[in-house]
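Marked as domain 'Acyl-coenzyme A oxidase N-terminal' by TrEMBL: 19-138. Annotation source TrEMBL lists FAD binding site at 149, 188. Annotation comment: TrEMBL describes 285-446 as domain 'Acyl-CoA oxidase C-alpha1'. What TrEMBL lists as active site, proton acceptor is 431. Under the heading domain 'Acyl-CoA oxidase C-terminal', TrEMBL lists 528-609.
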Ligand SMILES: CC/C=C\C/C=C\C/C=C\CCCC(=O)SCCNC(=O)CCNC(=O)[C@H](O)C(C)(C)COP(=O)(O)OP(=O)(O)OC[C@H]1O[C@@H](n2cnc3c(N)ncnc32)[C@H](O)[C@@H]1OP(=O)(O)O
Ligand SMILES: Cc1cc2nc3c(=O)[nH]c(=O)nc-3n(C[C@H](O)[C@H](O)[C@H](O)COP(=O)(O)OP(=O)(O)OC[C@H]3O[C@@H](n4cnc5c(N)ncnc54)[C@H](O)[C@@H]3O)c2cc1C
């Protein structure tokens, strides 16, 4: 859309006090990455077939999927060409970042998300060298997904009921779905797209259950795409979001696969049925750990999109004067509006930095595991659980706050904020539900509190537990170090409270698991344990308000630095030129309800009632 840039946005950009490009380079981890990102953006976003004439929302469920598949395979073809041309399409930060432009292409979810993000990465991490050589061919016919959750079990995966029974007479596993609750339910791309999948199932050898293992199973004919005999597969129906992801269901009726289709890097079943144990029995859960880590960066990116839309809109939107004799003000001038928006910008930076740190930690710990050293895995798991839980919860709350900050127009699909919310809030549930993951971290913390309470030696990372017990915490100081001290006091205090409740429940004769359940609200909720006083809080509040005023002139510059193209933002409210009302009118004109001046329902249903006695 041509036309002048909104005057208010021009003024905002003029008064920005820092170099926007420099911040973009910091966000991209270096200028060379910015250049590379822009090249890939240009290359892919210039493909005309990727753009819709009719907005996605006006398509039926089936049309949406078919449209998304068309685009997914255009993108896949391009990615393969880039790969063949030896152009590295992932960067060193996280594998999800370069896929972020896909948010714009699909305005929803790529049906190949799990194929690219989980199927390939699980094979790369958990299949043996020979299996990888066979399955990870760039021109493979396999379109895969990650099939774990069942109708009856998602969080408690030890409860999964699908079985893989070894038949030594034929050297095969028999995959079977024993009852309705054992049907696989949810995997992305499973409904119509995938012809293969990685299945999580209970391994049985000679009547002994060895727990959960991962198996590669072909489910559709590669040529005809028809389900193989013994496979019942389909799509699960419309959802709050993710409607182009064809999440599916799957049942096996004694479906046979070769023994060599079990992922065998960490664990093996030999020809004679001998079971060779893994070095750590949670290595099978490795894909969940990796995805939790990458999600933190992805959620930071979703926050930067929501902030860009809401801040630009708030600079353009004028409503009511502050003083009665003044013109109407930009809504960004209201301090309460700044309070709603600036925290979203800040949180995006926080989770971007933490996500990068976790990504590097994951690389380091994975290299150690490769060398047989599992020592750092529990800490990484505890951190990934907690950070995935709070980043998804924060992101969905803040995206919703941005939507509300755009008033009525934020409720329009054309603002793209409802879609960003639907995408973000799903992450609170998938890949480990919020509370369930917090309880995993609590389990880790309580273990170390027990050591502290029993005055046993603690690792350096938990020395502050001992400080808390010995009341070594200093009084609150308003400085970065002081704030960190304050947070340590909160963690120690809330862990102590939960631990004491747990002990009390145990003393009252409860079994451990029951005592744990009774303490679970304390285990997940923050309590007010702090070194901070009422005066400190007042001082912090006024400092916070000063900071809002300091950030205000740079607000538009800060979101411009995220450097998200209009084609990716997909928002009438957030485009770079700020031509909000023009874009809204143009989008409204695409509504099918504007095709006829008089809709035919008037003649069929309205007129016969309203004109009944007058005809
Ligand atoms: C690259 C990615 C790109 C794109 C992706 C983006 C978007 C994708 C969109 C959608 C994808 C959605 C995919 C899915 O949702 S797949 C399904 C995910 N499902 C889950 O996450 C299930 C959650 N449940 C669990 O993880 C487990 O059931 C559990 C809660 C962890 C409990 O497991 P359990 O076996 O019962 O273990 P516990 O008895 O509780 O603990 C025993 C012991 O093991 C430790 N532990 C648990 N998990 C791990 C792990 N992953 N790694 C290391 N250690 C682990 C646990 O701490 C405990 O240790 P102790 O020392 O205390 O004994
Ligand atoms: C959009 C989307 C995409 C998905 N994609 C995939 C996929 O590709 N592959 C796949 O395998 N799965 C996928 N899933 C499934 C997803 O991983 C599960 O839904 C998720 O792990 C939550 O499990 P659940 O549905 O069993 O929830 P439940 O565990 O039934 O949760 C319901 C409630 O019970 C509580 N609860 C459960 N257990 C405990 C406990 N021990 N202590 C305290 N409270 C508890 C929870 O906190 C929650 O409040 C997807 C889900 C969604 C929404």
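Glycine is no exception: its Cβ is also placed from the backbone N, Cα and C atoms.
TrEMBL entries are annotated by machine, without manual review.
Listed in sequence order, 109, 111, 113, 114, 145, 146, 242, 245, 246, 247 are the same-chain residues at least 6 apart in sequence whose CB falls under 8 Å from the CB of residue 188 (FAD binding site).
Distance between Cα atoms for residue 431 (active site, proton acceptor) and residue 149 (FAD binding site): 10 Å, as a whole number. Cβ neighbours within 10 Å of residue 149 (FAD binding site), excluding its own Cβ and spanning all shown chains: 18. Within 10 Å of the C-beta of residue 431 (active site, proton acceptor) there are 21 other C-beta atoms, taking all protein chains into account. If you average pLDDT over the domain 'Acyl-coenzyme A oxidase N-terminal' (19-138) in this model, you get 86.
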